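Residues annotated as domain 'GHMP kinase N-terminal' in TrEMBL: 64-148. According to TrEMBL, the ATP binding site annotation covers P92, Q93, A94, R95, G96, M97, G98, S99, S100, S101, A102. According to TrEMBL, the domain 'GHMP kinase C-terminal' annotation covers 226-267.
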Amino acid sequence: MALLSTSVRVRVPATSANLGPGFDSLGLALDRYDEVTARVAPGDVVVEVTGEGAGQLPTGDDHLVVRAMRAAFDALSEPLPGLELSCANAIPQARGMGSSSAAIVAGLLLARELVVDGARRLPDPAVLALASALEGHPDNVAPCLLGGFTIAWTENGEGRAVRLDPHPSIRPVVYVPATRGLTAEARAALPERVPHGDAAFNAGRAALLVHAVTSDPALLLTATEDRLHQDYRAPGMPHTAELVATLRAAGVPAVVSGAGPTVLAFVVGDGALPDVGDTWKVWKLGVADAGASIVAGTMGHAERDPVAAGRES
């Protein structure tokens with residue numbers, strides 16, 4: 001196996017999925033990043049974690065970055081080598097900001113970059129499909145890999161996505177609580193069936209949201225309305241639901257970020273935000289236009305063509 005002898009470092013953005021009505025399909029890359037460095041080394045896998053998750057995340061083979069690297073090496077028909085990994089995390093864990101997707105995308109890109117000719121043998125559409133399989137859905141891994149605003153779907157069992165440019169006046173703001181949330185628990189709160197009228201409502205709002213995010217932010221308050229998941233999850237995160245309601249009552253388009261408990265708000269231009277007290281960390285973030293990137297190694301940013309799903313539209 002031909003491996004790079006130098007270290008490789010990848011920078012992966014936080015993400016927010018769903019964005020209200022776009023359940024399991026719409027996502028946005030946020031300007032907050034984890035950086036992970038990998039180097040082939042003799043012996044076992046050793047992981048150092050600093051920042052978010054330090055002292056809590058695994059430091060061996062069961063770390064999610066390592067598991068993703070193993071999947072990429074398997075896809076490249078290469079054995080997992082000994083590795084030294086350093087994870088500098090700025091994305092909060094278990095808050096609905098895509099920490100697991102960031103780890104998965106980081107691991108896949110690091111492994112691909114460490115293998116000579118890996119980028120040719122495992123192109124971006126294959127990385128997206130593999131990341132979606134590892135995560136279970138493509139709505140977070142797509143914006144993490146591609147940046148910007150993404151529409152993701154599953155076709156023939158594989159995750160695919162298209163990337164669009166958000167309107168330049170949109171400024172995401174996240175409200176991060178001290179409490180953690182688990183995606184599995186949030187998904188367990190959802191019913192197996194929903195009323196046809198609610199499904200039709202969300203289909204219309206999701207379509208409108210694509211237009212609002214890319215072309216007409218004035219429609220964001222209406223476009224972020226949802227009937228498929230947030231109300232069902234509200235009893236498990238009452239403070240999140242209360243904050244979303246408070247912001248929306250003030251005219252601010254606000255939604256649960258991913259599975260929560262973080263809240264995502266859209267500020268347009270110089271729009272003001274109401275005071276929500278000191279219970280929440282409030283981060284005013286930009287959109288991460290470029291998505292995941294190798295910042296030490298040979299690869300540039302991930303593919304950013306409007307259609308990055310393995311086929312032309």
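Placed from the backbone N, Cα and C atoms, the Cβ positions cover glycine too.
The Cβ of P92 has fewer other Cβ atoms within 10 Å than any other of the binding-site residues P92, G96, G98.
Report note: the ATP site is defined by P92, Q93, A94, R95, G96, M97, G98, S99, S100, S101, A102, and the residues of the same chain whose CB lies within 8 Å of the CB centroid of those residues, excluding them, are A14, I91, G258. Least packed by the Cβ count within 10 Å, out of the binding-site residues A94, A102, is A94.
Counting Cβ atoms from all protein chains shown, S100 (ATP binding site) has 21 others lying within 10 Å of its own Cβ. Following the DSSP three-state reduction, the secondary structure of A102 (ATP binding site) is helix.
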